[in-house]
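Q: Residues or ranges marked as transmembrane segment by TrEMBL: 12-32, 44-66, 78-105, 168-186, 198-222, 242-266, 278-299, 394-416, 437-458, 464-487, 508-527, 554-580. Annotated Na(+) binding site per TrEMBL: Ala23, Val24, Asn28, Ser252, Asn284, Leu403, Ser407, in sequence order.
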Amino acid sequence: MEKESRPSWDNPMQFILACVSYAVGLGNVWRFPYLCQMHGGGGFMIPYLVMLVLEGIPLFCMELAIGQKMRLGSIGAWSAISPYLGGVGMASVVTSLYLCLYYNVINAWSFWYLFHSFQAVLPWSQCPVNTNRTAFVEECEVASPTQYFFFRQTLNISPSIQQSGGVHVGQALCLLLAWIIVYLFIVRGVKSTGKVVYFTATFPYLVLLVYLIRGVTLHGALNGVKYMFTPKLEQLANPQTWINAATQIFFSLGLGFGSLIAFSSYNHHNNDFEKQAIAVSLINSGTSIFASVVTFSIYGFKATYNYENCLERMKLLLINTFDLAEESIHKQNISFWISELNQTHPDQFGLISSRVEHCSLEQELDTAVEGTGLAFIVYSEAITNMPAAQLWSVLYFFMLLLLGMGSMLGNVMAIITPLRDFKPLARSFSNETLNGLVCAFCLLLGIGFTTPAGNYWFTMFNEYGATFSLLFIVLIEVFTVSYIYGLKRFEKDVEDMLGRRPGWYWKVMWAAVSPLLLISLFIFYIINYIQGGVPTYQAWDKEKGRLVVTEYPVFGQAFIGVLLVSSVSCIPLAALYAFCTRHQREVPVRKGSARSRTSSV
């Protein structure tokens, strides 16, 4: 009766859109294209799709089944399976909390760029003048306008993690706005979230479609698309390619955070989660490929633009140095003239040798950038070179904002749903109050990311806050379902909900293939972490105008250890607590039984 009174999605489409909005996020736009670029373009699709079938779809379906059967959040669901497994849900909540703290900062950056897009001249398209108004700011000239705007005006970044300062007021206000919108999206729980996902899940596709049409019409765009779909099959022999494909599938679908369990806990008992799991997984992967075509068309445009500018600089350099006729040198024969002049006029050529650049379109396309560097620097630079740059800037950053907000809905629901299942909290606070307290708590902790050193802490949370713990959590999940709860018992639960037992594909994946893949990924992560030596981060050097690799200080390394251990430690600690509690309950029972036997004698 209590479970049946639980709120539900108005219809299955709301649930599908919520899962799509959660799974399709910023990683589809800035991580997947980077991996394609790193691992052989179209050749990366092969391991990616293989890992989707072997790992992504089975684990996605398993989490949906658990949430729908138990009709509880992650903590309640795993506690219902076994009292000793409540820590699995707690670990998911802690990991989701870490993600919420820094993920909404990206939305704050999107707001910042969106607001600055409504200007006659985009502020990242040119360098500002110095205080004397005699020249451009030196840091901007050494770096680039887009880098200067991101690192100096957006982040006001410090030289290292040790040097911090006051809060960036503009960023703090954008972060406040981001959390207010998240709160409004979830204020009434699943009822309000179910309405919001109609927009957050669909509008980004409209923007991507518009960008695709615009992108493929840009000069040089086809160079990028051709680069993407030209497979370098030798990359298939590289183990790192397969590992990155498996990791991308794992994190793109949002496994282990507890969000999928929370979403499916609001389903009706007989909802067909199996078909929905396949549909959402395919939509997510299809979106990654679709977004990559858009991204590589922009890559092609930017690479061609930089390549032709390089050729133009070399042409002018040779004409001015050697008094050549302008019509004698063109873009197609510059390499010939550089080689020829180097042989015929070695002394004169030696004077300009330091200014001679090697112009290569392939090299421009090979320059791989991911994460914030792709979203806020590379894309921004490409947009400045488009006609009607302000329009494309507004569309792009509004799309980023919706992608980020859609994922935030799932991240926050992963925290709120288990808290609502905790009866003392549910009796003490209304939905609106509890949701507001969670958002306010995350906002207060997230303010630290708006300080000058905040980006370094952001990077630390991004790299160490979830990866290790999620691999461990999902490994425990699939092992528990297959070998502790029991695969046959789980099959009966699926049959009870769907009216049919899972086929051989699901059973083979849950029992053998997926656990082995997860164990392999987990071992690889530990080995890679150990072999990596002292953890490093990229610090901004204003003198050089670029990022430089720097070792984390001792306190940074200690905090990384806390991030790695804090969430996974919930699993053994909760199991130990459950064991001690159960043991304490059994002792009085045994003593009572002994007394009754004595009195009867």
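The backbone N, Cα and C atoms fix where each Cβ goes, glycine too.
TrEMBL entries are annotated by machine, without manual review.
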Q: Based on Cβ pairs under 8 Å, which of the stretches 44-66, 78-105, 394-416, 437-458 lies most in contact with the transmembrane segment (554-580)?
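A: Comparing 44-66, 78-105, 394-416, 437-458: 78-105 has the most Cβ pairs near the transmembrane segment (554-580).
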Q: Which range wins on Cβ pairs under 8 Å with the transmembrane segment (394-416): 12-32, 44-66, 278-299, 437-458?
A: 12-32
Q: Does the transmembrane segment (168-186) come near the transmembrane segment (437-458), with 3+ Cβ pairs under 8 Å (pairs 6 or more apart)?
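A: The answer is yes, given that the two segments have at least 3 Cβ pairs within the 8 Å cut-off.
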Q: Using Cβ atoms only, which residues of the same chain lie under 8 Å from Ser407 (Na(+) binding site) while being at least 6 residues apart in sequence?
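A: Listed in sequence order: Ser21, Tyr22, Gly25, Leu26, Tyr103, Gly254.
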Q: Give the sequence-ordered list of residues that share a chain with Ala23 (Na(+) binding site), lie 6 or more positions from it, and have CB atoms under 8 Å from its CB.
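A: Result: Ser252, Leu253, Gly254, Val280, Ser281, Ile283, Asn284, Gly410.
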Q: Could you name the residues, excluding Ala23, Val24, Asn28, Ser252, Asn284, Leu403, Ser407, of the same chain that surround the Na(+) site, i.e. Cβ within 8 Å of the Cβ centre of those residues, in sequence order?
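A: Here the non-site neighbours turn out to be Val20, Tyr22, Gly25, Leu26, Gly27, Gly254, Thr287, Ser288, Gly406.
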Q: Find the member of 12-32, 44-66, 78-105, 508-527 that has more C-beta pairs under 8 Å to the transmembrane segment (464-487) than any other listed stretch.
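A: The listed stretch sharing the most Cβ pairs with the transmembrane segment (464-487) is 78-105.
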Q: Does Asn28 (Na(+) binding site) have same-chain partners at least 6 apart in sequence with Cβ under 8 Å from its own Cβ, and which are they?
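A: Ser252, Asn284, Thr287, Ser288, Ala291, Leu403 - these are the non-local Cβ neighbours of Asn28 (Na(+) binding site), listed in sequence order.
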Q: Can you work out which residues elsewhere in the same chain, 6+ from the ends of the transmembrane segment (78-105), have a Cβ less than 8 Å from its Cβ atoms?
A: 66, 70, 72, 175, 178-179, 182, 256-259, 261, 404, 407-408, 411-412, 414-415, 418, 442, 445-446, 449-450, 454, 457-458, 461-462, 465-466, 469-470, 472-473, 476-477, 480-481, 484-485, 563, 566-568, 570-575, 578-579, 582
Q: Is the transmembrane segment (278-299) packed against any residues at least 6 beyond its ends, judged by a Cβ distance under 8 Å, and which are they?
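A: Result: 16, 19-20, 23-24, 28-29, 32-33, 36-37, 45, 48-49, 52, 56-57, 60-61, 205, 208, 211-212, 215-216, 218, 221-222, 224-225, 227-228, 249, 252-253, 365, 374, 378-379, 382.
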Q: With an 8 Å cut-off on Cβ-Cβ distance and a minimum sequence separation of at least 6, pull the same-chain contacts of Val24 (Na(+) binding site), or say none.
A: Ala201, Pro204, Ile283, Asn284, Thr287, Leu403, Gly406
Q: Which one of these stretches, 12-32, 198-222, 242-266, 508-527, has the most C-beta pairs shorter than 8 Å to the transmembrane segment (44-66)?
A: 242-266
Q: Run the contact check on the transmembrane segment (198-222) against the transmembrane segment (12-32): 3 or more C-beta pairs under 8 Å, excluding pairs closer than 6 in sequence.
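A: Counting Cβ pairs under 8 Å, at least 3, so yes.
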Q: Six or more residues out from either end of the transmembrane segment (12-32), which same-chain residues have a Cβ under 8 Å from its Cβ atoms?
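A: Beyond its ends, the transmembrane segment (12-32) has Cβ neighbours at 106, 193-194, 197-198, 200-202, 204, 248, 251-254, 259-260, 263-264, 266-267, 271-272, 276, 279-281, 283-284, 287-289, 291-292, 295, 370-372, 374-375, 400, 403-404, 406-407, 409-411.
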Q: State the residues, same chain only, that lie 6 or more residues beyond the ends of the transmembrane segment (508-527) and have a CB under 8 A from a CB inside it; answer 'none' if no residue qualifies.
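A: For the transmembrane segment (508-527), the nonlocal Cβ contacts are 51, 54-55, 57-59, 62, 243, 246-247, 250, 467-468, 471-472, 474-475, 478-479, 481-482, 487, 490.
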Q: State the count of C-beta atoms found within 10 angstroms of the C-beta of Ser252 (Na(+) binding site), not counting that atom itself.
A: 23
